[in-house]
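*Asks:* One structure, pasted below without further comment.
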Amino acid sequence: MSTNTAHPASRRPALLLTALCAAQVMLVLDLVVVTVALPSIRADLGIAPADLQWVVTTYGLAYGGFMITAGRAGDLFGHRRILVAGLVVFTVASALAGLATGPVTLFAARALQGVGGALVSPTALALLTTAFAEGEVRNRALGAWGAVGSAGATGAALVGGLLTDLVHWRAIFMINIPVGIVVILVVIRIVGGHRPDRTGRLDLAGAVLLTGGVVLLVAAVTRAAEGPTAAVWVMAGASAATLAAFAVVERRVAEPVVKASLLATPTVRYGNLICALSAAAALVTQYFTTLSLQNVAGMSPLETGLAFAPVTAIIVVVSGRAGALVARFGVRLMITAGAAATALGLLLLGLAPSGAVWTGALPGLLISGLGAGLMFAPSMIVSTSGVPDEDQGLASGLLNTSFQLGGPLGLAVLSAVAASVTGGATGGVTGGATGTQALTDGYRAAFLWSLALPALIVAAVAALPRDTAPEPAPAHPGSALE
């Protein structure tokens, strides 16, 4: 069981949870929402087509690369302090992005947004896990956190389409300003300025090596979706070398950035694996279904976004009830049931007739959404269970990095599968009826091969120590896995 030493719990936990969830929605939205506005951004700012990807990539690189270090900094210097700093950086960067007059200023603002997001995400989650006692109360809070995060990810396309069509593409950034200011004020007002009772310092050499290694890894994984190019192998090799140097440095310092004891904890290790695999399954489902609806079924971007609306509703409802469901059934059964639903949804998507939206894509999407809703919160419960409060920032950074890397890595592998099937069927020609059928075959192959993901999730659940098997919630606060 964890100890509650990191900071005093908020006296207004419902308001704190609302503020933290609002911050999380901003971060998740900004990962995806901008993709819908890319054509408008390119036209206004004169960005070359080959450089357009940097509007998305710069945010993802900074966001994924700094999270573990930011989480550790929160443990050492105070979660509230790092969270507020991150919110200020993110809000200012959003304003700069909304006011950008050219490609360079927009790319720089997006990178700064990513740094701010990396400071916010693990420290916000650490505040949540330390403000709510481990057990049913924390599980319910994590359920709400998972619900809004999932809703932000699946609803981003719709939000981006509405803001871009009805207002302007700059609104997708400017909307963060009032939300960020309100969250900052709420956190300062209701969370005590307590600093952990520890004299340790951040290992700067280790932090630089870890951040550099993870940034390179995120870059390699992101670019891998385009194919195993030389640049991908160079970045992957550089990441491996940098992380190896990080491991050497960490053995020689008294206060390592990443504690070996934390990584040795089975719930942390397997919980993060489940997080990565579930993120991969969710992103693969969303990505290939979006392509199928637009390229095969002929739906517009806005129609595609609306098609995901019922999926978002299912995820929000199920994730919001995750705390109560875990109390009744336990995390093992919840995650296993979610993996089974995900597998069934992927199977339906893989076997759906070409262009069949209502009888093929939609049922598969809805069932996959149910699976995602069942898994996300329990996987976070597993990953943070039994971790002392003074290490919750690091645990949260690891968890968020697993989500951040798992999705693109799974997508890169399955994109290669889809491309090989599509290219093999047409000899590289994807126009006309033959091309449409080839695309359909590629998407089907990706869905069917992705069935390996829920199978691996079930294997990870089976690998959890038997003494962590959850029972119905105890009458007193205790381990979420007891």
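Cβ atoms here come from the backbone N, Cα and C positions, even for glycine.
All annotation found in TrEMBL is predicted automatically rather than curated by experts.
Summarising the annotation, TrEMBL assigns domain 'Major facilitator superfamily (MFS) profile' to 16-469. Look at TrEMBL and you will find 53-70, 82-101, 107-130, 142-163, 169-192, 204-224, 230-249, 270-288, 308-326, 333-352, 358-377, 446-464 tagged as transmembrane segment.
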*Asks:* Any contact between the transmembrane segment (53-70) and the transmembrane segment (107-130), i.e. 3 or more CB pairs below 8 Å with pairs at least 6 residues apart?
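*Replies:* Since 3 or more Cβ pairs under 8 Å link them, the transmembrane segment (53-70) and the transmembrane segment (107-130) do come into contact.
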*Asks:* Between 107-130, 169-192, 308-326, 333-352, 358-377, who has the most Cβ pairs under 8 Å to the transmembrane segment (446-464)?
*Replies:* 333-352
*Asks:* Same-chain Cβ contacts of the transmembrane segment (358-377) under 8 Å, 6 or more residues past its ends?
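*Replies:* Same-chain contacts beyond the flanks: 139, 142-143, 145-147, 149-150, 154, 274, 278, 281-282, 285, 289, 292-293, 297, 307-308, 310-312, 314-319, 322-323, 325-326, 334-335, 337-349, 351-352, 447, 454, 457.
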*Asks:* Are there 3 or more C-beta pairs under 8 Å linking the transmembrane segment (169-192) with the transmembrane segment (270-288), counting only pairs at least 6 apart in sequence?
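*Replies:* No, the transmembrane segment (270-288) does not contact the transmembrane segment (169-192).
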*Asks:* Counting CB pairs under 8 Å, which listed stretch among 82-101, 308-326, 333-352 touches the transmembrane segment (142-163) the most?
*Replies:* 308-326
*Asks:* Within the domain 'Major facilitator superfamily (MFS) profile' (16-469), what mean pLDDT does the predicted structure show?
*Replies:* 80
